[in-house]
Amino acid sequence: MSFKKPISSLVLIYTEDFKVLLMERADKKAFWQSVTGSLEANETPSEAAAREVFEETGINVNQYSLEDWHLSHVYEIYAHWRYRYAPDVTHNTEHIFGLKVPAPIPIQLSADEHVQYLWLDWKEAMDKVFSWTNVEAIKKLAEIHQLKL
């Protein structure tokens, strides 16, 4: 079995009027999140971000501008997902990116990963996401664009 690298990318996809794309995971009901995924062999965080956006949404980041927000978080991997990693791995480093699109656009979900998606106002999205790293990514969006929390 090949294990996942404990390094990932999170991409917060948002619109010009700060609607945020959230997707509900297929394997965990009510777990709403942004695009996320682990780096593959010899991949940089930005390459992983671009690949994951395309795999999970059908969006080609080259049509827009992938923004490296120069932010990362280290978090403990949930016990029910640890089997994906080498036995001694307990933490993951997640690099945060933004991707601005002009307006909410149709998304092509990867059925094995997500069951539905929503475009929500950034404040509503902050209340709906499951993980603290998603909350922090939305806070970073607010900071970059000087939105009031």
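Glycine is no exception: its Cβ is also placed from the backbone N, Cα and C atoms.
Keep in mind that TrEMBL annotations are predicted by a computer and have not been checked by a curator.
Here is what TrEMBL says about this protein:
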type    : residues                   : note
BINDING : Lys4, Arg25, Thr36, Ser131 : substrate binding site
BINDING : Glu52, Glu56, Glu113       : Mg(2+) binding site
DOMAIN  : 4-142                      : domain 'Nudix hydrolase'
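Distribution of TrEMBL features across the structure.
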residue: Lys4; record: substrate binding site; Cβ contacts under 8 Å, 6 or more apart: Ser38, Arg84, Tyr85
residue: Arg25; record: substrate binding site; Cβ contacts under 8 Å, 6 or more apart: Phe31, Trp32, Gln33, Glu113, His114, Val115
residue: Thr36; record: substrate binding site; Cβ contacts under 8 Å, 6 or more apart: Ser8, Ser9, Leu10, Val11, Glu52, Glu94
residue: Glu56; record: Mg(2+) binding site; Cβ contacts under 8 Å, 6 or more apart: Met23, Val35, Gly37, Leu109, Ser110, Glu113, His114
residue: Ser131; record: substrate binding site; Cβ contacts under 8 Å, 6 or more apart: Gln33, Tyr75
- Near the Cβ of Glu52 (Mg(2+) binding site), how many other Cβ atoms are there if near means within 10 Å? 25
- Query: What are the DSSP helix/strand/coil residue counts across the domain 'Nudix hydrolase' (4-142)?
  - Reply: 40 helix, 54 strand, 45 coil
- Message: For a quick check of packing: other C-beta atoms within 10 Å of the C-beta of Glu113 (Mg(2+) binding site), how many?
- Response: 18
- Task: List, in sequence order, the residues of the same chain other than Glu52, Glu56, Glu113 whose Cβ lies within 8 Å of the centroid of the Cβ atoms of the recorded Mg(2+) site.
- Result: Met23, Val35, Thr36, Gly37, Val53, Glu55, Thr57, Ser110, His114
